[in-house]
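Below you'll find the structure, written out as structure tokens, and then a few comments.
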């Protein structure tokens, strides 16, 4: 027969059973804060007939419970960006989660092998591949430890420290590396490769910048919500409890792709001088005349001075203050009560209200002020981030505002603003190495900063690039000393401290799993092998005597 026979009744029964299972799954407490705009039937139809249970979903459950506990206790899961298996194995002793940074991957682990700054222009499998690299290392060290422990007696095991190597991983999904279908595929990759959670930011994909670079271009609020819905839908299709972190770069953004979403209208800049003309047309005309470089920049600068660039509410307030109106303060209050960062008032509504209050059509044109690339000028800020955080909250497990400084007052303003609308919302915070920490606060405040943020609801905090910076510092220091004092640098500043501090990598053969692999060889060869890696003659026997010679 050209086709495979199928029992239609069983097919229908299996579908209805799966729909019921999905509905039951979604009714669990895990999803009490999650909004879905699609049905269980939609998800069941998009699944294959073979059910695959991804271990990363167990890690997601572990992460969710971890953050739930921290939230209840007003404590914090704090971590940093891991570069490699050495990092995750050492971090596991002290930290309860792992971060995988797109910035670090861009500079050190692109699948194209081409280093780059954090522009998310590396292949989209770059960060998922790094997650898998670290996840496989976690699984291996977990197996290795278990085998080692189970060769000991129960009494010996009770005295032997246990390390939870399976710390859940949260990874950087940048802007999603494309449209909705790209985000669905990227999410699938992360699920398959071991991520417990991912974060996605509200920048435009083609112009994405590191959160601490200039020139950031936002997408409209709804477009980013669509990304978050895509992540959840993808996770639902593949049966994962993956956590989604919604990041907003709106605090320092200066451009936006579109004016389509009324929630963004308050923050879009326009020209208030009708004599200024259209900037893009002016620049194009200048270029057609062969004007480039500094002369072209001067034309743009002159236009900017002339245009009277401001937000619409600023233009209205200026009109009232400078015009011939009685009860100016009352007029301004009437306007700002209805038009403010969190009111979601459309420009059309704001313009209508302004005319009712002033009797004038106040000139304001955001089209003529567009940048040469076609983007609209945008003035973000903390309240803009609050607006976006509130909008993203129903579709994300955590909300993160990227900020320019480690400013506690600003962090509190954001937390209070989001939680005023969503009281139980979890928050995330980037303890960025781009901040000058010693300039920002004294050492005693640095020590308490994580805890203080934790009290505000920032349950997950991370130093994005600590893996990069600590590695650079250690290698720079060792290379310098090695160049001057040879093997004394290794013996005295690396190996001896490893021994004294009990860093297990000093016995790197054992750490890498040689004893575990010997056990596998013996198991499949009847208990005897002459090719055991850790047999007689292995040089690590030297470390049984760990005292350094004078």
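Each residue, glycine too, has its Cβ placed from N, Cα and C.
Taken from Swiss-Prot as is:
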ACT_SITE  210  active site, proton acceptor
BINDING   101, 102, 103, 211, 212, 247, 430, 431, 432, 433, 434, 464  substrate binding site
BINDING   172  Mg(2+) binding site
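Classification of residue 172 (Mg(2+) binding site) by DSSP places it within a strand. With the fewest other Cβ atoms inside 10 Å of its Cβ, the least crowded of the binding-site residues 432, 434 in this structure is 434.
Within 10 Å of the C-beta atom of residue 430 (substrate binding site) sit 22 other C-beta atoms, taking all shown protein chains into account.
With the fewest other Cβ atoms inside 10 Å of its Cβ, the least crowded of the binding-site residues 103, 172 in this structure is 103. DSSP classifies residue 434 (substrate binding site) as coil under the three-state reduction.
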